[in-house]
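**Student:** Per Swiss-Prot, the features are:
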TRANSMEM  5-25  transmembrane segment
TRANSMEM  26-46  transmembrane segment
TRANSMEM  55-75  transmembrane segment
TRANSMEM  90-110  transmembrane segment
TRANSMEM  128-148  transmembrane segment
TRANSMEM  162-182  transmembrane segment
TRANSMEM  193-213  transmembrane segment
DOMAIN    225-471  domain 'CN hydrolase'
ACT_SITE  264  active site, proton acceptor
ACT_SITE  330  active site
ACT_SITE  382  active site, nucleophile
């Protein structure tokens, strides 16, 4: 093996661990400084490479990131999917490989344009290409915006950008910082370091601004019920009433709370099958001047299934009646859990796809806030909280707090529930609203408007979290503008990059020969 071949192979081998260390930036590890390290390593590995080899380097980096970062998905597929081991491994490998195509596309596009002009690559077109591909990943095939790099910065100084530009703005800042580091070190030019200096100055300035104002006059007491019902028992007919009685007993002990919250699909039956139980619960809550919010599945007369949130007791809707109840219906459904992409092709393959309720119908993208005990609540069911634009569109000037219900029992003791919690924290920070999160097995927690967890209870315990919530007044810039500032920045950056290409200009050029295959 020649020296050149050795170093070429070394780039490929280094790409996998370079991507894998990025997983450590996310919860539960929270080593947020590793994010710019991982991105900078990728950008360095892409220097002076052909388009084809750049795509391969990006793909291997993506295998490292997603192979470690979403390993928790396999827990659900393998434990509850009813698949042969080889089938579950194949499905998981396919998902990881699909997600790795996005870093592969980044690598290829990175060296497709502006080759020989590293400043353009690292500071203009590169960060925007990364951002655009993140948006595509969050949309294609219903979207999978998990492990956007900005999420791992919830505890870093860059977090102060979230109320202005959202998690995508934090990701952009990370790629710009990483690009500046590579440009300054590899090409021995200190001027790009002005970019991270300016970004950190912006984060400091943003941190001094109070975008929203807490309103203690609207404080409310909440009780979040964590039932800790084993997933393998949850839907057994013999466990229906024991589960309902568990939640009812825990609720009865907390009637002094303004709002009592049960997890996603806490009621292990279809709503239409339990009218008497729900009427009695509604009456008890109303008599105690409290509201119960619960997740419940429903099937309409036309056969459509919905994953809903229902409010009972003290609300603006009156006594519970099945035909007149106001519900929130989940819009963003979980692939393979709540609907099967390419169902006609995949359903015969494995029992996982033959679950009777694996084909849910969508609710509307924007729905009225839920009303509970006089408070206006913007809900998101489970996976939906990862879709920042959807959650943002459901927040308005009257919204008091955010609510997310989930059942992360599917993912056992993996890192998945921690990443899910971190995403919920980012939504609270972006929108400047406190957030309550009730789950079956954890993580059940309360988050303030700055994205910090103020109280939580341990996973895998039957428990009740009691906390006082302080709603906020006002709207953050991100709530008002969404991603439009980033759209305009992307357009400006790409336009400027093309203008500079046409002028054949640049602050400095990479005169090194491109490494051949």
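Numbering starts at 1 and runs along the chain as displayed.
Glycine too: its Cβ is placed from the backbone N, Cα and C atoms.
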**Student:** Relative to the Cβ position of residue 264 (active site, proton acceptor), how many further Cβ atoms are located within 10 Å?
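**Tutor:** That number is 23.
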**Student:** Where else in the chain does the transmembrane segment (162-182) make close Cβ contacts, counting only residues six or more beyond its ends and a cut-off under 8 Å?
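**Tutor:** 35-36, 39-40, 43-44, 47, 118, 121-123, 126-128, 130-131, 134-135, 148-151, 153, 192-196, 199, 203, 206, 211, 388, 392, 426, 429-432, 451, 476-478, 482-483, 485-486, 489.
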**Student:** Just to verify a number: CA distance, residue 330 (active site) to residue 382 (active site, nucleophile), in angstrom, no decimals.
**Tutor:** 9
**Student:** So which of 55-75, 90-110, 128-148, 193-213 is most in touch with the transmembrane segment (5-25), counting Cβ pairs under 8 Å?
**Tutor:** 55-75
**Student:** To what whole number does the mean pLDDT across the domain 'CN hydrolase' (225-471) round?
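**Tutor:** Residues in the domain 'CN hydrolase' (225-471) carry a mean pLDDT of 90 in this prediction.
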**Student:** With a Cβ cut-off under 8 Å, give me the same-chain residues at least six positions beyond the ends of the transmembrane segment (55-75) that come close to it.
**Tutor:** 11-12, 15-23, 26, 38, 42, 45-46, 49, 88-89, 92, 95-97, 99-108, 110, 146-147, 410-412, 414-417, 419
**Student:** Taking only the Cα atoms, work out how far the residue listed as 'active site, proton acceptor' lies from residue 382 (active site, nucleophile), in Å, as a whole number.
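**Tutor:** With the alpha carbons as reference points, the distance is 7 Å.
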**Student:** Quickly jot the same-chain residues contacting the transmembrane segment (26-46) by Cβ under 8 Å, restricted to those at least six beyond its ends, or write none.
**Tutor:** 11, 14-15, 18-19, 54, 57-58, 61, 65, 69, 103, 107, 110-111, 122, 126, 147, 149, 151-156, 174-175, 177-179, 181-182, 186, 415, 418-419, 421-422
**Student:** Which number gives the other C-beta atoms within 10 angstroms of the C-beta of residue 382 (active site, nucleophile), all protein chains shown included?
**Tutor:** 25
**Student:** According to DSSP, does residue 264 (active site, proton acceptor) sit in a helix, a strand, or coil?
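**Tutor:** Reduced to three states, the DSSP call for residue 264 (active site, proton acceptor) is coil.
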